[in-house]
Amino acid sequence: MNAPERIDPAARCANALRFLAADAVELARSGHPGAPMGMAEMAEVVWRRHLRHNPANPAWPDRDRFVLSNGHASMLQYALLHLTGYDLPMSQLRQFRQLHAVTPGHPEVDVTPGVETTTGPLGQGLANAVGMALAEKLLAATFNRPGFDIVDHHTYVFLGDGCLMEGLSHEACSLAGTLGLGKLICLYDDNGISIDGEVAGWFADDTPKRFAAYGWHVIADVDGHDAHALDAALHEAKAERDRPTLICCRTVIGKGAPAKAGGHDVHGAPLGAPEIAAMRTALGWEAEPFTVPADVADAWDARAQGAAREAEWEARFVSYCAAHPELAEEFVRRANGRLPEGFDAELMALLDAPSPLQGKIATRKASQLCLEALTPALPELLGGSADLTGSNLTNVKASVWVNHAGHGNYVSYGVREFGMAAVMNGIALHGGLIPYGGTFMTFSDYSRNAIRMAALMRLRVVHVLTHDSIGLGEDGPTHQPVEHAASLRLIPNNQVWRPCDGAETAYAWLAALQRENGPTCLVLSRQALMPFERDAAQRADIARGGYVLRDVPAPRVVLIATGSEVEIAARAALDLADAGIAARVVSMPCVELFYAQDAAYRDSVLPPGLPRISVEAGATWYWRGVVGEQGLALGIDSFGESAPAEALYQHFGLTPAHVAAAARVLLEDA
């Protein structure tokens, strides 16, 4: 056994991480000890020697960001947060992976103090970090002035082989290199092991050359267990201002475990009591489980240093306030996520007076008109598109493409839908900006897991999804969404708006921007749609997600529709009126929001006992819960076809005549 006093202090700090991780996984009988043990030296060097943070204030705006992209190594992060002084007591490390503990199996933002993003789906943390670094660069260009670098921090990422195998890593890292995100520093845990074994059989990439081709600064072949080599690499990385840096760290998974280090068995299972005991002997670690020696605890404690660093920044910010009061006020507003007073005034003016927004218009074009009105009042809006700007209509006259220097308010993400969605999550997590990005709705499948993560993290992110149905016509079934609206509605805490005209589109944008606790998907048409007149009460009720658009005395049936099919339902109601059948028309642009209303309001719109028919150019099964067993869901339960839109609507029975006929049959059978 090595005597503790003879072991290098930095090595003892790293070993504290190893044992906290191994002991917590052992107690939980669940978890991943190998990666935390293998990255212990990397973590010691980054967190004790480079990371600028204040454990007493995890929300300090100019803190460095740390992202554990290989989120299965969560016990490494929890050990770091506990040791450096965050509000994470040892009792919570003992509760690792237990119900309601703040130490869940994978890191979750807003659950554990100091965790910057929720990670676990490999590669997404890396893409989030790209978004954070992009946000830092854009905000620095906006707010910094000579002598006042109030936005000046790095984003550090730990990532593994799995992150780099995910295609998302290509999308995000290619973009990061193109945009020159010089304050993004990634440390690659190159241990050569994944769940199935040695990765050489399925991951033989030359990673340094790959990242050099992206335009990254690459520091290759660093011993991931040599603190001096790691420290030198990090100093070199921080000196690079124009390119992101990848530090390739050769590591041994499960480092320190006498019998299991270097093998895939240590990846995702407890080491076992005998192996941990042998490790204690081999590393000269005499402390009991969940006990940290005083000298190690003192060496890790970052509270005093963190407070001093934030105090220095605060003093600089006070001077900044005096020199640039308007900029300082704007910085505080945006950092706190507050929308400016009256930001919606110009948009509301478009609804109060004759304007193109009130005419026959595609809702994608209506969305662009909304953005034209909103962008001057909301400098925090950061737009973008996955190479479909001219189709999504996500740009406005005030759009300036983001460039290498960090100026602009519009990102050309390229054909990178998943990358765009995950990068936008990182932008939202950073704060100070509200990202929105566009693609065709059928390609939302590429983005889906990042949309899910935004919902889980409760992020204000807006997805502009155009060409929302068979209404796009001749491009055919590869581009015609069918199941997508229903699928997106199934994501908890995700709001899906499918507006029927300019007014509903405006309210959809307002709802998306005012929603601070989750993402919004705006599902928009390619084709022009008929506008509807509304009184003040109806217009206000748009914000409730569903409302009575056209009513009649003593209705016998309720027609419920969204988007382009609202016009079909309204015309069907007229046909039914000619046949002596009174039909109420309900527009339901946001089903989730409607069902969040109180029961009295819902019943006033959809009276119990009245037969219901839903009309939406998409999968019908979602609507069966709305119309009930006695109702009828009209839509499309197959893939589309290549043809003009008018022919497709006729082919699939989505016409006023078909809807009216279905209503008559339903009433006859009732």
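Cβ atoms here come from the backbone N, Cα and C positions, even for glycine.
Binding of Mg(2+) is annotated in Swiss-Prot for ASN191, ILE193; the matching candidate from ASP161, ASP223, ASP226 at the same site is ASP161.
Annotated thiamine diphosphate-binding residues in Swiss-Prot are HIS72, GLY120, PRO121, LEU122, ASN191, HIS267, PHE443, and among GLY147, GLY162, GLY414, GLY471 the one listed with them is GLY162. Per Swiss-Prot, the substrate site holds HIS32, HIS267, ARG364, HIS467, ASP475, ARG526; the candidate it also names there, chosen from SER69, SER391, SER399, is SER391. The sparsest Cβ neighbourhood within 10 Å, among the listed recorded positions (ASP161, GLU417, ASP475), is found at ASP475.
The binding residues for thiamine diphosphate are recorded as HIS72, GLY120, PRO121, LEU122, GLY162, ASN191, HIS267, PHE443; their greatest pairwise CA distance is 34 Å. Of all the binding-site residues in the record (HIS32, ASP161, HIS267, HIS467), the one with the smallest CA separation from HIS72 (thiamine diphosphate binding site) is HIS32.
Note on PRO121 (thiamine diphosphate binding site): other Cβ atoms within 10 Å of its Cβ, all shown chains, come to 19. A C-beta separation below 8 Å, combined with a sequence spacing of at least six in one chain, links GLY120 (thiamine diphosphate binding site) to GLY71, HIS72, GLY105, HIS106, PRO107. Over all protein chains present, the Cβ of SER391 (substrate binding site) has 16 other Cβ atoms lying within 10 Å. Among the recorded positions HIS32, HIS267, GLU417, HIS467, ASP475, not one has a Cα within 10 Å of the Cα of GLY162 (thiamine diphosphate binding site).
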